[in-house]
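Scroll down for the structure; my scribbles are underneath it.
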Amino acid sequence: MEPEMEDKTLELMNTSVMENDDLSPKKTTVFKISNGTVTGSRKRPSEGNYEKEKDVCIQLFDQWSEADQVEFVEHLISRMCHYQHGHINSYLKPMLQRDFITALPAQGLDHIAENILSFLDARSLCSAELVCKEWQRVISEGMLWKKLIERMVRTDPLWKGLSERHQWEKYLFKNRTTEVPPNSYYHSLYPKIIQDIETIEANWRCGRHNLQRIQCRSENSKGVYCLQYDDDKIISGLRDNSIKIWDKQTLECLKILTGHTGSVLCLQYDERVIVTGSSDSTVRVWDVNSGEVLNTLIHHNEAVLHLRFCNGLMVTCSKDRSIAVWDMASPTDISLRRVLVGHRAAVNVVDFDDKYIVSASGDRTIKVWSTSTCEFVRTLNGHKRGIACLQYRDRLVVSGSSDNTIRLWDIECGACLRVLEGHEELVRCIRFDNKRIVSGAYDGKIKVWDLQAALDPRAPASTLCLRTLVEHSGRVFRLQFDEFQIISSSHDDTILIWDFLNIAGVQSGDCTASLCLGGRGRMDEPPEDPLPHLSLSFVLSLTSHPTPSQPWTMFSLPPYTPSPDTCFCWF
């Protein structure tokens, strides 16, 4: 744009050519002096001359390139005052808005519009359907309610479990060429899923459950020390030296594995093998399908109290106070990598991930070791008596002790985050997911705790225990749970299945129905367990609680995958 032309245009816009300016309506024009600030104003000429001047300016404006036009408008806006900027902004705002969801399909880009809306949550998706018919069409044809449910199933174990148990998983993860229900089916399915989830949560809070009982019928000594389960089976280790495999649906005993000469104290299985530890000091590897013994490891000098294996690594611990780290190339090729020593009493439990191995002992301490180097890292002190059980995941360690308490620890700094009190005797087994802690003790009780509240220092101690479940007539040795059930074993020679999903005839929010459904889920405590308390003489001062500046809310827990644990403890 020529400077002379721009100057001429600005001159036309700021100069009056009307002499008789008192015969027509007046306008005020704000003008600028040298430095860009507004310094004065004058009356504009009549509408007639304004229109002529405007036409001349527009004719000149139309002759320029787009870049020149933008530059000129920038100069023009810089000569205006603040309230004029406000008027221009109000004028431009609706012009700058674009209904891109409607515009994209018109350009043949339906997939982009669908992809954008697929990130909405359920409430936002409902609102989007009400915007206009075109938005509703994009959501419907894009099957966005189906995609939302699929996203929840992929990321939330509760949704995944419900999809499997209620049979609607068969309508998910299918492409458009496959015959699938219309979008309306998934739109109506979503609130039903939410209602199921609310019912399950209410069942956990109120202790409502359906109870199934397996009588193990041990021939000599009675007691079920360890177990692990999946959708099809329960594998248990018994005090009578046997391993029993049960059908989870019919509760019938499918197979009995024998070979250990002592009680089976710990076990874990995967799709290929069962690995067991015994009071006969050996670790045995069994074929999970045939029950054949594939390998026997002889290393520990006393009872093998606990073991864990994952991704080619196995860790075992023993009454002999040592921890053994093994490389598992195959079921028949297992070699000892390292022996960890440091505990002054029997090592009752171990857990590990790619970063740390965590062990707990009758010496009242939890020790942390590097998984890669097997070097000692730190000791967690606080329990007053021997530690019987723990679970470790991410930064969180939860432990149970003969001092009748449960402690939550930050593994990175070693701080005790919370002490849970409520059990009357030794806390023998403990598991947690991203919502709950479930503990079993020698008092015969199973307690359900609110994990998120326990991690909040402001939560009163009285609100942490959600429910106490009492059905076992003996010490609780082992438990495992998922979103829908708890499975526990006891000195009373039974395995109990506490089902919080399949409860008929109970409305959500009704907390009075637990007794009639076979579950004594209650807030008040039952009569004291007749088994004697395991007394210990160890005393250790408590560590100080973390300061308010420490990161209490740093635990963002991933979906929970059940892993086996063992509950045979020596102190």
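Here the Cβ of each residue, glycine as well, is placed from N, Cα and C on the backbone.
Look at TrEMBL and you will find 110-148 tagged as domain 'F-box'. For the domain 'F-box' (110-148), the residues of the chain that approach it from at least six positions outside its boundaries are 99-102, 104, 171-172, 176, 180, 182-184, 186-187, 189-190, 194, judged by C-beta separation under 8 angstroms.
Look at TrEMBL and you will find 217-256 (among others) tagged as repeat 'WD'. Residues 164, 262-269, 274, 276, 278, 286, 291, 474, 477-478, 480, 487, 489-495, 497, 562, 564-568 of the same chain, all 6+ positions outside the repeat 'WD' (217-256), place their C-beta atoms under 8 angstroms from a C-beta of that stretch.
Shown for the repeat 'WD' (257-296): DSSP residue counts in helix, strand and coil, namely 0 helix, 23 strand, 17 coil. The annotation repeat 'WD' is assigned in TrEMBL to 257-296 (among others).
Among residues of the same chain six or more beyond the repeat 'WD' (297-336), those with a C-beta under 8 A of the stretch's C-beta atoms are 262, 265-268, 270, 272-273, 275, 277-285, 287, 343-352, 357, 359, 361, 369, 371, 374, 563-566, 568-570. The repeat 'WD' annotation in TrEMBL covers 297-336 (among others).
Annotated repeat 'WD' per TrEMBL: 340-379 (among others), in sequence order.
TrEMBL lists 380-419 (among others) with the feature repeat 'WD'.
Taken together, the residues in the repeat 'WD' (420-452) have a mean pLDDT of 96 on the 0 to 100 scale. Annotated repeat 'WD' per TrEMBL: 420-452 (among others), in sequence order.
The repeat 'WD' annotation in TrEMBL covers 469-499 (among others).
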Long-range neighbours of the repeat 'WD' (257-296), counting only residues six or more past its ends (CB under 8 A): 221, 223, 225-228, 235-245, 302-309, 314, 316, 318, 331-332, 334, 563-566, 568
